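Positions annotated as (6S)-5-formyl-5,6,7,8-tetrahydrofolate binding site by Swiss-Prot: 23, 85, 124, 457. Per Swiss-Prot, the feature K(+) binding site maps to 230, 249, 251, 254; the stated evidence is sequence analysis. The GTP binding site annotation in Swiss-Prot covers 230-235, 249-255, 274-277 and rests on sequence analysis. Annotated Mg(2+) binding site per Swiss-Prot: 234, 255, in sequence order. If you look up Swiss-Prot, you'll see 220-376 marked as domain 'TrmE-type G'.
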């Protein structure tokens, strides 16, 4: 991919809207804008930097739209390059026509994430900040936004950089000891060297653990409604959503495909999935639905095992509980309004449970509280603390690699392995930390990261 030409893309969501923005970045961004823009004021004397100008975008003799346009010279822009923006009406046809005109006058269509990639390549941000751009856009809750903002502010990159600086100091000590063995140059004593390695390793481990602690706040948790047919899973989904989303009938097997909807539980975003009832069936379509249900149960952060309170837990439900594990299951005894004074059923020892009547709404508020607590317990998450840093999966994997290498290095030091071989280990740990911030990340990895971005960002 070329990174020194001029690119253009629609920077706002597609669809109908009041305003849409075309972003142009690169050395010819001002020339492209000049070729298309016709000012509405006779006093227009050219584009003053960082100033909106009113006019018309024309393609040849054809006026395309009434717009506001701005030019922002680099390097103090998002990409670090010269950037121009055209603010036009937000219809998809208007935006497409203006973008095509930009391409005809010297720009090319931007690839996914190419604006942010250029910001990274031009030193405007490190890789943790670049990834945080996509995380902020996709954040499912206010807490997810706050965690992404901390990375956008560079806090994760700064913490990793501080740890790497401590390793660099150790590398210098080893280099001196290896390069000047005949000189009695003071090197860290093994005990002090080990103590510093362990201190850095502990810092790396603590950072990596932030992924597990915050994953459900960053990405949202998958909560799956599962159980036998006619247990009331779809009624429960509708009750939780506060609207009719799933079809509810008295016929067994009404739900054949899974339905997934987002739900915010006091700041904790979840993806709530209603699945086909678990039973043996000769219907091919329903069989596929049951197979998908089992797959979703295997992937779920939390399984809501919905059972008919008048029947109690049956064999298939107990098997699902055993298979999923009690730590990932919240047993929901539904239809308690039909018990008619009978004793409320209970779950096996060690299992969380709650009683509801989805049809009337009784107990749904308690269920919401129970789901939130169960998700946090099942994922090992907690309420995010002030200053919490939240690495993503890729960053956590690189941190884990660094911690493993440092552990091996400590073993080498204890075994009196020669300093030059210890230096190789130390180089590997530094490289793993550099992967976190993108200082040594292979091009193929960068391609994969930025391919997940939207076009225009």
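Note: Cβ is positioned from N, Cα and C throughout, glycine not excepted.
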**Report entry** residue 233 (GTP binding site), number of other Cβ atoms within 10 Å
**Finding:** 32
Query raised in the report: Expressed to the nearest Å, what is the distance separating residue 85 ((6S)-5-formyl-5,6,7,8-tetrahydrofolate binding site) and residue 234 (Mg(2+) binding site) at their Cα atoms?
Result: 47
Query raised in the report: Near residue 23 ((6S)-5-formyl-5,6,7,8-tetrahydrofolate binding site), which residues of its own chain have a C-beta under 8 A away, given they sit six or more steps off in sequence?
Result: 8, 9, 10, 11, 83, 84, 85, 110, 115, 456
Query raised in the report: Hey, what's the Cβ neighbour count for residue 234 (Mg(2+) binding site) at 10 Å?
Result: 24
Report summary line: Within 10 A of the CB of residue 85 ((6S)-5-formyl-5,6,7,8-tetrahydrofolate binding site), the number of other CB atoms across every chain shown is 20
Query raised in the report: Which of these binding-site residues is closest to residue 234 (Mg(2+) binding site) if you go by CA atoms: 124, 276, 457?
Result: 276
Requested in this report: In whole Å, note down how far the CA of residue 276 (GTP binding site) lies from the CA of residue 457 ((6S)-5-formyl-5,6,7,8-tetrahydrofolate binding site).
Outcome: 38
Report task. Determine the C-alpha span of the (6S)-5-formyl-5,6,7,8-tetrahydrofolate site listed in the record, that is the greatest distance between any two of 23, 85, 124, 457, in Å to the nearest whole number. Result -> 19
Query - Spatial neighbours, same chain, of residue 124 ((6S)-5-formyl-5,6,7,8-tetrahydrofolate binding site) - Cβ under 8 Å, 6+ residues apart - result: 75, 78, 79, 80
**Report entry** binding-site residues compared (230, 276, 457) - highest count of Cβ atoms within 10 Å
**Finding:** 276
